[in-house]
Amino acid sequence: RQSWKKSIDFLFSTSGYCIGLGNLWRFPYLCFENGGGAFLIPYLLFTCVFAIPMMILETSFGQSFRSGVIKSWERIPIFKGIAFAQLVANLYASSSYIIIMTWITKYLVSSVSSNLPWTSCENQWNTKHCVSLLTSHNSTNNVTLSELGISAAEEFWSHEVLGKSGGLEHVGSLRPDLVLYLSLIWIAGYFVTFKGIKWSSKVWITAAEQVTYSIAVGNGMLLFLASFNKRNQNFCRDALIIAAANAVTSFISGLAVFSSLGFLATKLNTTMAAVASSGPGLVFIAYPQSISLLPFPQVWSFLFFLILLLLGFDSQFVQVEYLVNFFIDGSKRIRSRRWNREILGALLCFFNFLIGLSMVSEGGIYVFEIFNRYGVAGWCIFLLSGCELVAISWFYGLDIHFKEIESMIGTTRGKFLLKMSWKFISPVICMAVVVISFSGFKLLRIGSYLYPPWAQCLAHLLSVSTVIAIPVYAVY
């Protein structure tokens, strides 16, 4: 199997995948929804107690076998279904993740204009309730945002970017500009796949979910990337560096968002909650409003969204490479023919593109939230992680695995702590999160919109479809 040219290539590639839009987009709004600073305590705790040991387990397992995800799990045949469950999880993740990049591209293109469109209330999508931040900033009237109406940035997000409909029952038409951006990003993703590895309580449950989302434990991605490591790669050091960088990036991003909201709330004489509604659009409202007050805002806006887009590309293309290599590693026929790989890459990109079309319609944000909350995070990922822990710790055997670790890096320091974590602590955490998620079940909603019963069922079926391969394959 191919290897990274240098050991630092793995560190950069894995950091590039883990540190992305999950930190800059997802972390701030989850933090905003769950008590702000209070969210940081469980986030840090789960990072140290759960995420870092899981990263070490997955990278050591992948590096030990130096084979693809599906071949690695062939060592524990009864749990081979984990490989297929991880495939489904990554299919859902890649389909929804790229929608965020589509929104970013919309903002990037909109930045190339004489006036940033989210600073004005004179556009065709604005309503009579619109208030321009610049107008309010220059006004001497002591009025609050709630008295004025809705900010121009929020109207741009809801009406121009999303074309938001009244609910999932009203899907509406496709947004032509978003369809164009979605197709361009997937075309780019298709060509990049041929470069191979040379391209270089509710608050606590939500914190745990965000840790697994941003550090990507449980979905097989770390195992996949580590399979390209040289035998003696120091994966323990890499796991600590990646986890630390991930946490620091999340904190800085959260600080930037809250600073922006606080500044805007002061200028508009209102509260942070009134400046922008929480949810996936928080970052797309807070950042643009703050940037619009800088000198030469078009330049700063373009650079900011370009950086966001590049961060998204870094993560997205690793997911595409994972999907392609999953089938290549599992099929000698595909592996033996170069053109089969290219055809497979095109089919996977096109399949994900078709799924993505459901999220770029006028009701697309409602579909996106189903994938975001039930397909790529939540109890299903913890159940998947728990099965992974049980498979390696109890069926494969930690004594065997620690011998492999010692043969790779020459030491098993921290063996007792890791053994306790992998065999007892982490599985209990996974089970606790799954149980609490079900016991504290709440109906899915966006703001004041409550999803209809059939959509609630669809959301849970999406979660079940992620993990159903595990028991099915075990019985088979």
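Cβ coordinates come from backbone N, Cα and C, glycine included.
Nobody curates TrEMBL annotations by hand; they come from automatic prediction.
The Na(+) binding site feature in TrEMBL is assigned to GLY16, ASN23, SER214, ASN246, LEU311, ASP314, SER315. For CYS121-CYS130, the entry in TrEMBL reads disulfide bond. Positions annotated as transmembrane segment by TrEMBL: 7-25, 37-57, 78-104, 178-199, 211-228, 240-261, 268-287, 299-324, 344-368, 374-396, 416-441, 453-475.
When each of 7-25, 37-57, 240-261, 344-368, 453-475 is scored by its Cβ pairs under 8 Å to the transmembrane segment (299-324), the top-ranked stretch turns out to be 7-25. Here CYS130 (disulfide bond) comes close to CYS121, GLY149, ILE150, SER151, ALA152, GLU155: these same-chain residues lie at least six apart in sequence, with C-beta atoms under 8 angstroms from its C-beta. LEU311 (Na(+) binding site): 21 other CB atoms within 10 A of its CB, across all protein chains. According to its DSSP assignment, GLY16 (Na(+) binding site) is helical.
A Cβ distance under 8 Å defines the sequence-distant neighbours of the transmembrane segment (344-368), meaning residues of its chain 6+ beyond its ends; these are 91, 94-96, 98-99, 102, 162-165, 167-175, 178-179, 182-183, 186-187, 189-190, 193-194, 280, 320, 323-324, 327-328, 334, 446, 449, 451, 455. For the transmembrane segment (240-261), the partner stretch with the highest count of Cβ pairs under 8 angstroms, out of 37-57, 78-104, 374-396, 416-441, 453-475, is 37-57. Counting Cβ pairs closer than 8 Å and at least 6 residues apart in sequence, the transmembrane segment (78-104) and the transmembrane segment (374-396) reach three or more and so form a contact.
Every protein chain considered, the tally of other Cβ atoms within 10 Å of the Cβ of ASN246 (Na(+) binding site) stands at 24. Here the Cβ of CYS121 (disulfide bond) has 20 other Cβ atoms within 10 Å, regardless of which shown protein chain they belong to.
The stretches the transmembrane segment (453-475) and the transmembrane segment (37-57) do not meet in space: the count of Cβ pairs below 8 angstroms, excluding pairs fewer than 6 apart in sequence, stays at fewer than three.
For ASN23 (Na(+) binding site), the Cβ neighbour count at a 10 Å cut-off comes to 24, with all displayed protein chains included.
In the three-state DSSP scheme, CYS121 (disulfide bond) is classed as coil.
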